[in-house]
Amino acid sequence: MDWIRRTLLLISLSSGIHTLTPQSYLSQKEVDNLMKNVFEPVFSLDLNQVTRQSLHYAVAGSKLLGRKVPEAKICDVLASKLSGVKEISHLYDVAVPISILGCTLGEDKLNEAKKVIKGADLNSPAGLFYAFFISQKLSIPFSLDTAVIEKSLSAGIKVDDSLLNLGYVFHLAGEEGAISKSSLSSYFSRIEDALAQADEVDGKFLQFEGGLSITNFILSGLLKLTERAKKPFPMTDAQLVKFVNYFMNRKSVQSIKGAFNLLEGINNLSKSQLVEPVAVTLASPGVISDASPKIRVRVSDLFGNPLSGKFDVTIESASPKIGKTPVILKGTKMAPVAGEASLFEVDMKSLKPARGFYTLAINVNGGSSSKKYVGLQGVSFDIKVSSAISIENAFYTVGDADQSTPSPKSPIKLPNKFSLLKLDSRQKFSFKFSLKDKDSSGSFKAHQVFVRLFNKNSEIIYVSERESEQSSAYKFEFNVASKVADFNGRSGKYSIELIVGDVLISNPITWTIGDVDISFSTSAESETQSTESGMLPEIKHLFKEPEKRPPSYVSNAFMFLCLAPIFIMFISWAKIGVNVSGFPFSLSSIGFHLGLGSIFVLYFYFWLKLNMFTTVKYLIVLGLFTFVTGNSMLAQIAKRKKA
């Protein structure tokens, strides 16, 4: 079962990292894909037909990535979309891109915006949020002072302290001019309430109910408030990393709003003044081999960019996951890669590690002291060390199937193949070889060793097994006579191919060792051919012999016994007479005798063709009718006798 465990471990390499650090970063290629596939298509449409919200997020996302957009065209469309706006949230979707692009609005458009702001509910956190930030982005004086805003916010979250309302509060409290600095502590204390509502998924991700948009909204407001209040970062390292992993898990998002919130969320976490998540990721395949001898680790921000300052990356240990292989690379420092500020490497293959699976424990130190880095310590990766193998001591023999005389050995080396061999039903072909680890020069036990016999029409695959549990030699024996059924008796030319594979082999082997011309027995072959192409033989069924009938006198005697009661009745009538005058010719009497007769007829049909269920169904109706009419008839007879 060792190979099953190895295979499962190899699958686990796809996740690679499994500790408290961001699992990946948003690469430049992924950023370009978001721009190309999500934001850019919006600007190729008729912008008048694009919704305010889609235009808002397309412009904001493009500018966040530093990409150009058709500003003049968009400004004209935004000005037209401002007309007729009734909802303040819709006005916000127009005001944000106007502010980003620096569009100039006429006095009439500004008056329309002021009218919408004036009609908003300024007693709710949502109304205050939209009114304040729209006024800020459109350079419209805001009529409420900080005391009124604070009073309205306090009243609003007492009524409804939902996540969304807390997000509005965090954003307003984090903005200069909305909330006084002396009041920030009371709002900062609500951050803990918000974080308590985060949902944890699989022990790896943290998110708020509502997905990317609400998660980004809460976190961006939380960061603004914390930085303005100059308070310690309110999240634990584990919480921060799990939020980052949630964003990274949503990198394939395709909606415009989702893509913007993904970018803004990662950007805000990466550019925070207080804390910066660091992505420590494998930059090389998680397989060490002769072709890829080095381990490379990338230390970067969440966009894959180098971090400021100097970092030291140390491999604390490389511990084997299976077996008793000694721990290696203790305290080994990884060297910076020339020309790549974020990459570090070490040549693990040069230490000649035993093949197998290892867990690398890595620590990162250094960097700028102006902020706290999260994700540097306790990082670990699963890697695999594979080795190349060679085939040694390979030879084949052809001899008699009964092994009456020893067969001469014919050596063969990879990649050579032997000349065409002719085999018939009296012979046996054998092939033996050993596997050798090129790195350790020791024997190798692979868990996939097959021998394939094939031609253009068919193939048969056999498992090549070790000669014994202690032996490293493999063997394949082909007794022609015993393999007729496997080939359906088809004689002909076949190629013999050796296949060797293992999860820890860096050079899987496929070796055609030669060709054989197999001649099975004539009878077996002709039988197979006639079965496949000729008329099938007639199938003759042998039915069970019928049982002997009893003698005729027995059956006749049984018949007379059955008819005896009716004969007795007729004899009795002849002697004592039939009292026809006593028969009551009434409706109930006639109905009773008809019902009784019908029951006898039903029994007759039951004997001929009816089944039990059908018979019972009719018998219930007839029996009920016969019972009622018979009871009435007997009552009439009794009444007449009394009279």
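Every residue gets a Cβ built from N, Cα and C, even glycine.
The domain 'Ribophorin II N-terminal' annotation in TrEMBL covers 40-270.
What TrEMBL lists as domain 'Ribophorin II second' is 278-385. Secondary structure of the domain 'Ribophorin II second' (278-385) per DSSP (helix as H, G, I; strand as E, B; remaining residues coil): 3 helix, 59 strand, 46 coil.
The domain 'Ribophorin II third' annotation in TrEMBL covers 396-518.
Confidence in the domain 'Ribophorin II C-terminal' (543-641), given as mean pLDDT, stands at 84. The domain 'Ribophorin II C-terminal' annotation in TrEMBL covers 543-641.
Sequence annotations record features per position, and here TrEMBL assigns signal peptide to 1-19.
Per TrEMBL, the feature transmembrane segment maps to 553-573 (among others).
Residues or ranges marked as transmembrane segment in TrEMBL: 585-606 (among others).
Residues or ranges marked as transmembrane segment in TrEMBL: 618-638 (among others).
Listed by sequence, the residues of this chain that lie at least six past the ends of the transmembrane segment (618-638) yet keep a Cβ under 8 A from its Cβ atoms are 584, 586, 588-589, 591-592, 595-596, 598-599, 602. Remote same-chain residues near the transmembrane segment (585-606) are listed as 612, 615, 618-619, 622-623, 625-626, 629-630, 632-633, 636 (criterion: CB distance under 8 Å, separation of at least six residues from the stretch ends).
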